[in-house]
Ligand SMILES: CC(C)=CCC/C(C)=C/CC/C(C)=C/CC/C(C)=C/CC/C(C)=C/CC/C(C)=C/CC/C(C)=C/COP(=O)(O)OP(=O)(O)O
Ligand SMILES: O=P(O)(O)OC[C@@H](O)CO
Ligand SMILES: [Mg+2]
């Protein structure tokens, strides 16, 4: 089977189009050795701020993908696209409704070879994404594994995203999720603000995503790249 365009990613920086970032900081992030820059946010994402950030990242060779989180923010020109589906919510609009609206509007323009669904399982009830989507973040291990099997085996989603945005997550739960995954790539994001936390999450997840710390402590953000790379590239 052909490998997916994101299948080798171990480390990703997630940039929020709604937050300002200097040229110097962007240069450091894009030249850091990260595998990709992912552009996405759960509020304040518009066509204008997404195009602006994309065109700045485009000056660099690093892969640049978009997590499409608003209808307005679907911008052509990225290397790849992720479409999030929030699995642990009862609100159908966030599982399939917004996505169907998006396909009605942009379906003929989607570059399918470079587009993948992400099955989000949001585990921090305080994260903006949890609040916006009404996610049931209080999953125990059994519940989480059921969601992972649903995403991985029944729905055959290419990416499962364990999302703790804003808080470092429960590593034993992440390890359990990883053991339950067969085919999907397991992304982990949330509260990685040091090399040590990057290392811990990267022990279990295929891909770790570093977001908020970029805006509060750039040096700490950059230290997460080497932490994942250190000891050579593992077969993951
Ligand atoms: C024109 C063209 C080339 C199109 C290609 C783009 C494309 C593939 C379009 C397909 C059409 C389509 C299906 C669109 C989907 C549209 C849509 C609105 C989907 C809903 C997505 C969704 C479930 C959003 C909920 C929130 C969420 C899960 C966002 C993901 C990103 C995220 C969690 C970011 C973190 O946010 P942050 O702001 O940092 O949060 P904190 O405050 O906690 O830090
Ligand atoms: O912002 P942080 O907490 O690093 O989380 C990263 C990412 O998972 C957010 O969607
Ligand atoms: Mg954020």
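For all residues, glycine too, the Cβ spot is worked out from N, Cα and C.
Since this is a predicted model, take the numbers as computed values, not measurements.
Take the sn-glycerol 1-phosphate site that TrEMBL assigns to 14, 161, 162, 163, 164, 165, 166, 211, 212: the candidate from 44, 134, 191 listed for it is 191. For the pair residue 166 (sn-glycerol 1-phosphate binding site) and residue 42 (Mg(2+) binding site), the C-alpha distance works out to 12 angstrom. Residues 42, taken from the binding-site residues 14, 42, 162, are distinguished by a CB atom under 6 angstroms from ligand 1. The number of other CB atoms found within 10 A of the CB of residue 211 (sn-glycerol 1-phosphate binding site), across every protein chain shown, is 23. Proximity of the binding-site residues 16, 42, 162 to ligand 2, judged by a Cβ distance under 6 angstroms to any of its atoms, singles out none of them.
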